[in-house]
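These notes concern the structure reproduced below.
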Amino acid sequence: MNNQPVILAIDQGTTSTRAILFSATLEILAVQQKELKLHYPHKGWVEQNPEAIWQDTLEVCHAVLEHNVSMVGSVAAIGITNQRETTILWDRKTGKPVYPAIVWQDRRTDIGCEQLKAQGYEPMVTARTGLLFDPYFSATKIAWILDNVEGVRSRAMRGELAFGTVDCYLLWHLTGGKVHATDVTNAARTLLFNIVEQKWDADLLTLFNIPETILPEVRDNAARFGMTDRILFGRGIPIGGMAGDQHAALIGQRCFRPGMVKSTYGTGCFALMNIGSDFKPSQHRLLTTPAYRLNGKMVYAIEGSIFIAGAAIQWLRDELEFFQEVAASDALALSVPDSNEVYFVPAFTGLGAPYWRPDVRGMISGLSRDTTRVHIVRAALEAQGYQTRDLMAAIEEDGGHHAEIIRVDGGLVANKFMCQFLADILNKPVEVPKITEATALGAAILAGLTVDLFADLEVTGCYWQRDKIYTPTITETERERLYAGWKAAVQSLLHASRN
């Protein structure tokens, strides 16, 4: 094993940073993880410390290599996958950030997005980026920093500052400040990148008043991004793959054929369908986004984004103290026959697709004298299925394919109740892979492609293995009754917000 090549995957997520060593046959050899704090300085604001993101990344990489010293010299390449949209601006000379990272969940630019929408710009933006006006994406976050942090706009105009999503920021530091680049999937989440022409869009830069001088170069997902600074790991290691977390998961789940769907359940939930090489704007207020680009050839996906998934279960643990470990939610949900007509709409940071209502907030409905904490826990897990169903019909219609099966991954898929309910409410089989670290796995595959460990994406398909399959068990009548209750709860929330 010592002489066999290995791949180091960096998975920088919203709430943790992981370093995972993969073998050349894509088996997990070692994992190190560190939790990452979120900060909430004002209502609707969500920030992180960029320097903590970098230091945590370095720490977990060192830890995984120090615990596997015999493999250090065998690391053939590094792949990076990351929380998307989170926005960082830093000084090109010092690498120091000029402001905390504004996280993808942050809603401070709500009003600006609504103003641009009211001015009629959204159809043009959607036609070029595949996205909608929402604080979720990077452009209004960049503009906010430029306009609200003293001296930043003038420094940006002088070329002193660099912008990047987390992948780009990590690449900059890993290469000792030598490389300012991103990949097509992360660039596509900024509202500034034209995914049809595959370049930064001058009209969009003007619309958001963002200077092109701060933007990184955009590359394929499998590319020679640069070499790590020798001081970090004792030698230079090629960085060969980068992709936003959901795109990396699509690759990790081997969704290489049009019509294949993966759904990731982490902090949020993100369902993507591979739609092939043709750009198709969504007709249902979903997102069209690059799945990946290799050798200059783009493959697109339709995406439905749900802002709160596993975060709702963490909230029940941390804020309401319903249980001590997230894993306990599974047994609690199974201890009662149903949720006793309770519906939990986890709109903590607004509703994502297909509603796109950043202004609404969460709701628990159907409470009665005999409601217990167990019913609320079960309702929170059921919400993951309901939210996914909200997406799937629209994804299938937009994508032009019927999904026969859904491959799921992320931390929440360890919850057997959630996976079974997902199969029941979607009326589709749900597959869980043996390796649920699909995001890191996708980054490893991309890095391996670059250094010729794999001839192409397809050959990695033979390494995908199913761990479990969940099939529907409830009647159509029960399925539709449950879903009608969910729709009524959401409409009640939307109506209350309008009033």
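Start at 1 and count along the chain as shown; that gives each residue its number.
Cβ coordinates are placed from backbone N, Cα and C, and glycine is handled just like the others.
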Note to self: For the ATP site that Swiss-Prot describes with Thr14, Thr15, Ser16, Thr267, Gly310, Gln314, which of these is also annotated: Gly112, Gly176, Gly177, Gly411?
What the structure shows: Gly411
Note to self: Need one residue: from Tyr136, Tyr292, Tyr300, the one Swiss-Prot lists with Arg84, Glu85, Asp245, Gln246 for glycerol.
What the structure shows: Tyr136
Next item on the list: Among the binding-site residues Thr14, Thr15, Ser16, Thr267, Gln314, point out the residue whose Cβ has the most other Cβ atoms within 10 Å, with all shown protein chains included in the count.
Entry: Thr267
Next item on the list: Work out the three-state DSSP category of Gln314 (ATP binding site).
Entry: helix
Next item on the list: Determine which residues of this chain, when Thr14, Arg84, Glu85, Tyr136, Asp245 are set aside, have a Cβ within 8 Å of the centroid of the sn-glycerol 3-phosphate site's Cβ atoms, and list them as they appear in the sequence.
Entry: Asn82, Gln83, Thr86, Val103, Trp104, Arg189, Gly244, Gln246, Gly268
Notebook entry, point to check: Could you give the Cα-Cα distance between Thr15 (ATP binding site) and Gly310 (ADP binding site), in whole Å?
Noted result: 11
Notebook entry, point to check: Which of the three DSSP-derived classes (helix, strand, coil) applies to Gly411 (ADP binding site)?
Noted result: helix
